[in-house]
Each structure stands twice: as C-alpha cells, then as structure tokens.
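Engineer: Shown below is the structure under consideration.
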C-alpha cells in the first residue's frame with residue numbers, strides 16, 4: 001500500500017518515526033556537548049508529540065499521562081540537569097574529537113539496515129507502520145549504544161543511555177498503544193532515579209579524576225600491568 | 001496471599017525506616033531483625049503454597065508457585081544471614097574510618113531496597129514489572145558499589161551502572177515485543193501477565209517470540225554475568241563492600257536467571273522447539289569455560305570468587321537451556337547450593353581481607369595460623385564450591401553431567417575439562433592463603449562465623465541427603481518448567 005493511501009494517523013506516525021531516527025543520527029555525529037543535549041531534548045519533544053498524537057487518534061487517554069511524563073523528564077528535567085553539569089564543568093567550548101566520524105556514521109547507517117533485517121520476520125504478521133516503527137525504535141536503541149561507544153565524555157554516555165530509553169518508549173507507544181500503566185509508571189520512575197544517580201555520579205567522577213572523560217577511568221584491569 | 005504482601009511490605013518499611021531514622025549503634029541489629037521478620041513471612045508463604053498449590057493474588061498482580069517460592073525463601077534466608085554478617089563487618093569498617101554514618105545510613109536503607117527489588121522480581125506476575133524491579137535492583141545497588149568512594153569503586157560502579165542499564169534495556173525491548181505478540185491474541189490490560197501468557201503460549205506468534213527471546217537473553221544475561229557481557233561483575237564485586245558481593249552473587253544473579261527461565265517457558269510454548277534452550281546452552285558453556293580460565297590469572301581474592309560465580313551461573317544457564325527433567329532439577333538444586341556456598345565464601349573472604357588489610361591474594365597468607373575459624377571456613381567453602389563430594393555442589397554438577405551425557409554426549413568432555421580447570425584455578429590460589437607462612441603483625445578480628453557454618457552445614461546436608469519435602473518441591477518446579485517429572 002502506498003503511503004498516500006494510509007490514514008492521517010499512520011502517515012503522521014511514520015513521519016515521526018523518520019524524524020526520531022534523524023535526531024539519533026544528528027546526536028551520533030555531534031561533537032559539542034551542549035548541542036548534543038539540545039538534540040536530545042528535541043528527540044524527547046518528538047516523542048511527546050507522538051505519544052499525544054497516539055493518545056488522541058487511538059482514543060486511549062492514559063497515553064496523555066505518558067506524554068506528560070516524557071515531557072517533564074526527557075524534555076525538561078534531564079536536559080536541564082545535563083546542561084547545568086556541562087556549564088559547571090566549563091565543557092561547553094570543548095569539541096569532542098570523534099576519532100572517525102565517517103566510520104561512525106556509516107556504522108549507524110548499517111545498524112539501521114540491520115534493525116530492518118532483524119525485524120523482517122514480523123512483516124507477515126503486521127502492517128507496514130508496525131515494521132517501520134519497530135525497526136526505527138530498534139535502530140534508535142542501537143544508535144544510542146553506538147553513541148556511547150564512540151564518545152568519551154560521561155555526559156554523552158548519559159545522553160546515549162537516555163536515547164536508548166527514548167527508542168524503547170517509541171516502540172511501546174507505536175507498536176502497542178503503550179504498555180500497561182503500572183509498567184509505564186515503573187519505567188518512568190526508574191528513568192527518574194537513574195537521572196538523579198547520574199547527577200550524583202558526575203560529582204563523584206569529577207572529584208575522583210578531575211574530569212568527566214571516561215577514558216581516564218582505567219584503573220580496573222583484567223590484565224596485569 | 002497476605003504473606004506475599006508482607007514479604008513486599010516489610011522491606012519497603014525497612015527502606016523508609018533506615019532512611020529517616022538515620023544511623024545509630026544498633027542499626028545493624030535492626031537490619032537483622034527486619035530480615036528475620038521477612039524470612040518468617042516467606043516461610044509462612046511457603047507453607048501456604050505447599051498446602052494449597054499455586055497462589056494467584058486477586059488482581060492477578062502476583063503469582064507464587066513452586067518455582068519461585070523456594071527462591072523467595074532462599075532470598076530471605078541469605079538476606080538474613082548476610083545481614084547478621086554485615087552488622088559487625090560494617091561497624092569494623094566504620095572504626096577503620098572507611099565509612100561515615102551517613103554512608104552507613106545509605107547502606108542499610110539500600111540493603112532493604114535491594115531486598116525489596118529481589119522479592120518483587122520473584123513474586124510479580126507481570127513481565128513488565130519484573131523488568132522494572134530488575135532495573136530497580138541495579139539502581140539500589142549502584143550506590144552501594146561505590147560506597148567507599150575510592151576512584152576504583154566509582155569506576156566500578158559507573159561501569160556497572162552503564163553496562164547493566166544498557167544491557168537490561170535490551171530486555172525491555174524484548175518485553176515490548178512479547179507484549180506486541182500478546183496484544184494480537186488478547187486484551188491489552190492482561191497481556192503482560194505471565195499466568196495469562198503461559199496459558200495461551202501456543203497461540204503466540206513464534207517468530208516474534210524468537211526475536212524477543214534473543215533480546216531478553218542478552219538483556220537479563222548481562223545481569224546474570226554471561227560472557228561476553230560479564231565485565232561489570234568482577235569489578236563491582238571486588239570494589240563494593242563485601243556483604244554486597246555476597247548478596248549480588250547469591251541472589252541477584254539467580255533472579256536474573258529466573259527471569260530468563262520464565263521467558264524461556266513462554267518461548268518454548270510458542271515455538272515448540274528448543275531454539276531458546278540452544279541459545280542458553282551456548283552462552284552458558286562459553287561463560288563456564290571462559291570464567292574457569294580467568295580464575296587462574298586473578299590477583300584479588302574477591303575477583304577470584306566473582307569469576308567463580310560467572311562459572312557457576314554458566315553451568316546453570318547451560319542446564320536450564322538443555323531442558324529436560326533431570327537437567328532442570330539439577331539446575332534448581334545448583335541454584336540453591338551455589339547461593340548458599342558463595343555467600344558463605346564471601347563472608348569468610350570479607351573477614352580474611354579485613355584481617356590482612358588487603359584484598360591482594362599475594363599478601364593474604366597463613367589464615368589457619370592467624371585465625372583458624374576463618375581459614376577453615378574459607379578452605380571448606382572452596383572445597384564445596386569446587387564441587388567436591390560430599391557437598392551439594394557435587395551432587396548438582398554430577399546431575400548436570402549425567403543429563404549432558406544422556407542428551408549431548410559430545411559436550412560432556414568440555415564440561416569435565418572446565419570443572420577441572422576451575423578446580424585447579426581455585427586451589428592454586430587458596431592453598432597458600434590458608435596454609436602459607438603467617439605474616440607479621442596480623443591480629444585476630446571480631447568475626448561472626450555463624451552464617452558460614454550454617455550455610456556450609458546446609459550445603460553438606462543437601463549433598464548427603466536431600467530432604468523429602470525439598471526434593472518434592474524441586475520436582476514440582478521441574479514439572480512446571482520442563483513439563484515432566486524428574487526420576
């Protein structure tokens with residue numbers, strides 16, 4: 001079926017999926033921490049809009065609560081906390097040198113293709129929107145992991161971690177109209193606690209190695225020195 | 001069902017109590033009491049299940065059957081004995097000036113938080129809540145791993161946080177796929193309930209569940225410490241406070257494996273094949289062999305035993321993956337005896353490290369001369385964990401071997417080889433530690449070795465004769481998991 005023949009909701013969700021995927025790629029190639037955080041907040045905003053859209057179109061009001069939680073956590077609280085840390089550490093001028101930007105971006109593209117490949121068996125059981133939405137969310141998860149591997153700053157790791165959560169939320173909302181409320185509340189609680197703990201850890205890492213560069217955390221080794 | 005609610009409410013009260021009451025002299029003993037009351041509640045729960053069969057709470061939110069009830073009792077038991085050990089241990093650490101009162105308050109509060117998360121993983125009927133509780137366990141322990149605030153402990157905690165957080169996110173993706181498959185056949189509200197899923201497992205889409213299981217195995221497997229996702233485990237164990245290592249090894253790894261097995265039961269029902277089992281066997285065997293080799297090159301005593309944990313979790317994953325009544329029975333027994341032995345070993349290791357003032361094995365020597373109880377405890381514990389008869393670990397490993405020879409004979413030599421390598425790895429390190437020359441200036445410390453003695457006695461008992469009710473219990477659980485009775 002062509003995309004023009006789909007209803008408005010399907011078209012909107014597919015566009016949202018594309019935009020969410022795009023923000024993941026933008027984050028992957030981003031060297032400046034403040035911009036990285038901004039793009040992350042943007043992704044959170046897209047997620048909020050998707051949730052609200054799903055709540056309106058599918059007539060499931062409990063998704064409005066999910067949308068509110070996403071807005072407060074992912075668009076306001078976590079970016080605010082990260083931004084504060086970056087400014088406090090005076091890292092906003094640092095450009096994080098990605099070792100091989102081109103290879104990382106190509107790797108990201110490969111991961112997206114891989115996500116479609118992995119989820120292809122699902123295509124028999126569902127519509128095009130499901131396959132696309134699930135594949136994009138899986139690729140957002142994998143791109144988040146790649147972001148964590150390719151960046152050295154602890155702040156970037158947290159952004160990657162939270163982007164993974166974004167991908168999972170997107171899958172939950174689009175594929176299944178959201179998880180049961182108790183699970184969503186539980187997950188949101190976990191994310192909130194994780195964010196607070198990350199704040200505490202920034203403080204400790206900074207006092208212990210005087211930087212947030214994770215490459216300098218290298219005391220624990222398997223191999224003798 | 002009241003007993004099940006009590007099991008959850010008491011630790012919850014514990015978190016609040018320790019968080020608000022602050023730290024006092026007697027906090028350690030209060031922690032023991034909290035755990036003792038929970039243990040009493042779990043025993044009550046177990047008796048209920050024994051008499052009435054599977055319990056399902058009215059809203060279907062909680063399920064207690066023969067599989068999880070014995071794990072619940074085991075969790076409470078180890079929680080109690082570790083609490084008994086941790087009270088004087090933490091007091092001693094405070095005397096040494098390594099910890100402040102504020103940190104101890106955090107420690108006791110999070111100890112209860114960890115216990116709560118463990119009970120929630122075990123009792124919940126909702127696969128989503130199970131994930132939330134598992135992640136909650138990570139969050140509760142991550143600050144405990146960095147309790148000493150040394151650069152090493154912060155590094156270990158960061159690794160633990162990131163690796164387990166990212167790893168377990170994969171399990172959530174698996175859970176979402178499971179939910180997606182379930183919504184296609186039923187209503188959305190009950191679609192994540194394990195009891196509902198299990199009853200309708202045959203109708204679930206096998207292709208989606210296969211993909212979902214891969215994600216779940218990777219996700220929860222990070223928490224089990226399966227190679228190659230095990231990197232956080234030795235670091236977290238070696239840098240965190242010792243009571244934490246005891247409960248992490250004894251309880252957390254078990255519960256993660258429990259989550260995988262619950263999911264495997266669903267996937268087996270849907271696919272009607274042993275695909276999930278083969279994946280588990282592969283990962284299990286790899287973890288077992290790699291960890292056995294890594295035992296040889298350790299320098300830190302706590303790292304040594306954390307690799308031993310990875311090795312044993314590998315055996316269990318392998319046995320559960322092999323399926324079949326005998327292997328499943330062996331895996332359940334191995335879960336029990338490994339938890340008991342490993343937590344006992346960590347208690348003695350903690351005392352040994354306090355005695356020597358270091359965790360470096362080259363500088364812990366002559367324990368039997370300095371403080372014979374600790375030395376003998378460590379020696380007997382190591383003998384037990386290495387799989388010597390007549391201890392229970394021997395029995396369960398022997399049963400795993402029997403099942404392997406029956407179903408996959410060509411894997412049996414690998415299993416034997418791994419057991420041999422691990423045995424050599426443990427004893428080459430432990431022998432000089434207990435028998436070697438005693439260094440100057442080591443004084444006996446105040447140690448509470450009751451937990452060790454009780455645990456090791458139980459393991460010995462399980463090796464000599466499994467009591468009827470327990471054998472019956474394991475058989476019921478085996479029937480639930482593998483569909484037929486052992487023996």
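Backbone N, Cα and C atoms are what each Cβ position is placed from, and that goes for glycine too.
Bear in mind that TrEMBL entries carry predicted annotations, made automatically and left uncurated.
These numbers come from a predicted model, not from an experiment.
These came from TrEMBL, pasted as-is:
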- A:12-29: transmembrane segment (TRANSMEM)
- A:36-56: transmembrane segment (TRANSMEM)
- A:62-82: transmembrane segment (TRANSMEM)
- A:103-123: transmembrane segment (TRANSMEM)
- A:129-147: transmembrane segment (TRANSMEM)
- A:154-175: transmembrane segment (TRANSMEM)
- A:181-203: transmembrane segment (TRANSMEM)
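Show me how these features fit into the shown structure, please.
Structural biologist: Sequence-distant contacts of the transmembrane segment (A:154-175), counting only residues of its own chain at least 6 positions beyond either end whose CB sits under 8 Å from a CB of the stretch, comprise 13, 17, 20, 24, 27, 33, 36-37, 40, 43-44, 47, 50-51, 54, 63, 66, 70, 74, 78, 82, 85-86, 91, 96, 129-130, 133-134, 136-141, 143-145, 147-148, 184, 187, 191, 194-195, 198, 201-202, 205, 212-214.
Sequence-distant contacts of the transmembrane segment (A:181-203) (same chain, six or more residues past either end, CB-CB distance under 8 Å): 62, 65-66, 69, 73-74, 77-78, 81, 85, 154-155, 158, 161-162, 165, 168-169, 172, 212.
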Engineer: The transmembrane segment (A:62-82): which same-chain residues, six or more beyond its ends, come within Cβ distance under 8 Å?
Structural biologist: 37-38, 40-41, 43-45, 47-48, 51-52, 54-55, 155, 158-159, 162, 165-166, 169, 173, 177-178, 181, 184, 188, 191-192, 195, 198-199
